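Quick look at what Swiss-Prot annotates:
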type	residues	note
BINDING	His14, Asp164, Ala165, Lys166, Lys240, Phe241, Asp249, Arg255, Lys256, Ala272, Lys276	ATP binding site
BINDING	Asp16	Mg(2+) binding site
BINDING	Glu42	K(+) binding site
BINDING	Glu55, Gln98, Asp249, Lys280	L-methionine binding site
REGION	98-108	region 'Flexible loop'
Amino acid sequence: MAYLFTSESVSEGHPDKVADQISDALIDNFLAFDAQSKVACETLVTTGQVILAGEVKSNTYLDVQNIAREVIRKIGYTKSEYMFEANSCGILSAIHEQSADINQGVDRASKEEQGAGDQGMMFGYATNETENYMPLALDLSHALLIELANLRRENNDIKYLRPDAKSQVTLEYSDDNKPQRIDAIVISTQHDDFDEEATMLAKIKTDLVSILIPRIKAKYPQYAHLFNDQITYHINPTGKFVIGGPHGDTGLTGRKIIVDTYGGKGAHGGGAFSGKDPSKVDRSAAYATRHIAKNLVAAGICDEILVQVSYAIGVAKPTSINVVTYGTSKVNLTDGEISKKVEAIFDMRPYFIEQRLKLRNPIYSETAAYGHMGRTPETVTKTFSAPGGLTKTVEVELFTWEKLDFVDTVKTAFGI
């Protein structure tokens, strides 16, 4: 029997994502000037205020206020009527030195024996239902908001958009788990107060259905067949959405972990990513398991896979590695046997994850909105500034965990 599955996304202007982006901008700046920085940074944003708190061990000093303001400005909170504006918001920093008790569990005389920064379990997932090996409902949810942000910045076809927005896509699947069509789309977008409420809501719905949706179909032609005139659209279903962003809802780092990962498919160990340097396995091991999952599916080992890894704080070797293929395995091995091969191919000690995926680089700001997974690897040049006139220009590789660079190794190991 056919069934429905739903995933959601939030825009870069959503208050929780504003917090994530500030936290990750701080991570990038610390790593740019001191690649061995240990950082855990949490951000709270609310009406006219930003509060930074966390623990740092680093040889660099940063102007954290300026970094936060630049992030807020880039997102688009640049007008006083938003009640949260880059130049005027207050910024309080309570960032302090990392606990020596925690640091002793990570630092080792031998780099290779670097301990995990915490206990916990992390998951990576991949499926062949999309070209980027991501769940389709989440991919579409992200795509809607990326294009909505493009429309906002162009300020041409739609002129009233504000930064805060959410999306949700419901797909109908067939008995054999193949996506058939889009059943429902929900979009809530913040907007200017430009007319009577009923008039505004009617125009917003008309504009999104007649402008945004055709742009999505043109930009993602592989999804065009899923759109038809039977889709139920819920556009700003609660009514007008003028008050939004951090003024409408307080935002916190790490509150959108399902949006960040697989949209409810697979599993999640509970640890957030943003604001954490790669010694925190919540982040680095989640990237590493995604890398494993994607390469196994791309190699033809299975159609769908979930990879779990777990750690004890201060211990380098994982306490477990487990694989679930949901009955889609193409090789004559049990999931337990596949797990053993994965363990032999991929060294999951924290230092080796950092080296394999080049994680001690300032690569995290780009992850903090529209998902950490399913993105396109690319090499970019970035320039950072610090007090005293210091600048640092670096070339870095983004989204290394999305590379299909182990496909041949996997095929050889599995004899295919």
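Placement of Cβ uses the backbone N, Cα and C atoms for every residue, glycine included.
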Fill in: Euclidean distance between Cα atoms of Ala165 (ATP binding site) and Gln98 (L-methionine binding site), Å
35
Worksheet, complete the sentence: Among Glu42, Glu55, Lys280, i.e. the binding-site residues, the one with its Cα nearest that of Asp249 (ATP binding site) is Glu42
Discussion item. Between all pairs in Glu55, Gln98, Asp249, Lys280 (listed as L-methionine binders), what's the biggest Cα distance, rounded to the nearest Å?
Written reply: 30
Worksheet item: Where's the emptiest Cβ shell within 10 Å among the binding-site residues Lys240, Lys276?
Response: Lys240
Discussion item. Distance check, please: Cα of Lys240 (ATP binding site) against Cα of Lys280 (L-methionine binding site), rounded to an integer number of angstrom.
Written reply: 41
Worksheet item: Can you tell me the mean pLDDT for the region 'Flexible loop' (98-108)?
Response: 63
Fill in: Distant-in-sequence Cβ neighbours of the residue listed as 'Mg(2+) binding site', under 8 Å, six or more positions away
Val10, Gly251, Leu252, Thr253, Arg255, Lys256
Discussion item. Using Cβ atoms only, which residues of the same chain lie under 8 Å from His14 (ATP binding site) while being at least 6 residues apart in sequence?
Written reply: Asp164, Ala165, Lys166, Gly245, Gly251, Lys256
Worksheet item: What does DSSP say about the residue listed as 'Mg(2+) binding site': helix, strand or coil?
Response: helix
